[in-house]
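Record features, source TrEMBL:
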| type | residues | note |
| --- | --- | --- |
| BINDING | TYR52, GLY77, CYS78, SER79, ASP102, ASN103, ASN145, ARG212 | S-adenosyl-L-methionine binding site |
| DOMAIN | 75-171 | domain 'Methyltransferase' |
| REGION | 1-28 | region 'Disordered' |
Amino acid sequence: MTSESTKPGPGKPKDSGRDNIFTAPGTTSPFRFDEQVAAVFPDMIQRSVPGYSFIISGIAGLAQKFIQPNTQAYDLGCSLGAAALAMSRGSQHTNIPIIGIDNSSAMVERCRLFIEGYRHKNPIQIHCQNIQETTISQASMVVLNFTLQFIEQSERQAIIEHIYDGLEPGGALILSEKIVASDPAVNELLIKLHHDFKRANGYSDLEISQKRTALENVLVPETLETHHLRLKNAGFKVSEVWHQQFNFCSILAIK
Ligand SMILES: Nc1ncnc2c1ncn2[C@@H]1O[C@H](C[S@+](CC[C@H]([NH3+])C(=O)[O-])CC(=O)[O-])[C@@H](O)[C@H]1O
Ligand SMILES: O=C(O)C(=O)Cc1ccccc1
């Protein structure tokens, strides 16, 4: 069993492989979190999201500050549970229920196995369900780590409001998202820098372009202004960017 205190981030389950999903020409069907993606997810997210490991470590640090006794913590769109494990690791308290939610059964199955492989000091439960149908209560910390971007835009405000309602005063929402820069030229530049990052991590131009096509209308990014406004409208007192690398951003919002 691996100790959560010595391994940051998700590491790699023994059977996880390299992401070759978009290697073959003609692979452009819409992106889905199916078994094929779940099987290579640690490699895919690590090589595709600038700052991913830093954000996971940062979530552990934020958990140290925000998780309070007699509350719960949520990892919404948990995939393999990296943020749930980070919250467990970072929390100063034990016996805090940490609830991971994902609507992909392939992810949930692997997440449960993955979490079993780590020693964790807080109980982690993983549920296969839609975030839109998740009850949130007595929360001191909620994480949406690159999840809201995959949800219909028309449903995003209600989700943020529901999270706000379930948070205790002083509780934190960590919202990480791929963003669109307001200035079109800067936006193009950030997209280019992101593609350079992917190329430097071993993805070919064909893989980058086919995945870009597959993500159209599936991952719908918004501007930072839209996120801050949505958080403000939900009632959050504070929303500040605590990490940004190119067009990948993480916001800390406090109730
Ligand atoms: N409506 C929904 N309800 C529940 N789950 C959903 C929904 N829509 C999408 N998902 C799930 O949200 C996750 C998004 S990945 C999160 C990474 C993780 N947070 C990490 O810190 O490693 C982000 C990425 O791959 O860029 C997937 O597992 C989906 O099945
Ligand atoms: O790969 C990309 O281009 C992304 O924008 C990030 C990403 C990472 C994992 C799944 C889907 C999108």
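Glycine is no exception: its Cβ is also placed from the backbone N, Cα and C atoms.
Note that the structure is predicted; figures quoted are calculated from it, not measured.
Annotated features, which come from TrEMBL, shown on the structure.
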residue : record                               : Cβ contacts under 8 Å, 6 or more apart
GLY77   : S-adenosyl-L-methionine binding site : ILE101, ASP102, ILE131, LEU144, ASN145, PHE146, THR147, LEU148, PHE150
CYS78   : S-adenosyl-L-methionine binding site : ALA84, GLY100, ILE101, ASP102, MET107, CYS111, ILE126
SER79   : S-adenosyl-L-methionine binding site : PHE33, ALA38, PHE41, ILE45, ASP102, SER104, MET107, CYS111
ASN103  : S-adenosyl-L-methionine binding site : CYS128, GLN129, ASN130, ILE131
ARG212  : S-adenosyl-L-methionine binding site : none
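Among the binding-site residues TYR52, ASP102, ARG212, the ones whose Cβ sits under 6 Å from an atom of ligand 1 are, in sequence order, ASP102. Each residue of the domain 'Methyltransferase' (75-171) gets a DSSP state, and the totals for helix, strand and coil are 41 helix, 26 strand, 30 coil. When secondary structure is read from DSSP and collapsed to three states, ARG212 (S-adenosyl-L-methionine binding site) falls in the helix class. All protein chains shown were included, and the count of other CB atoms within 10 Å of the CB of ASN145 (S-adenosyl-L-methionine binding site) stands at 25.
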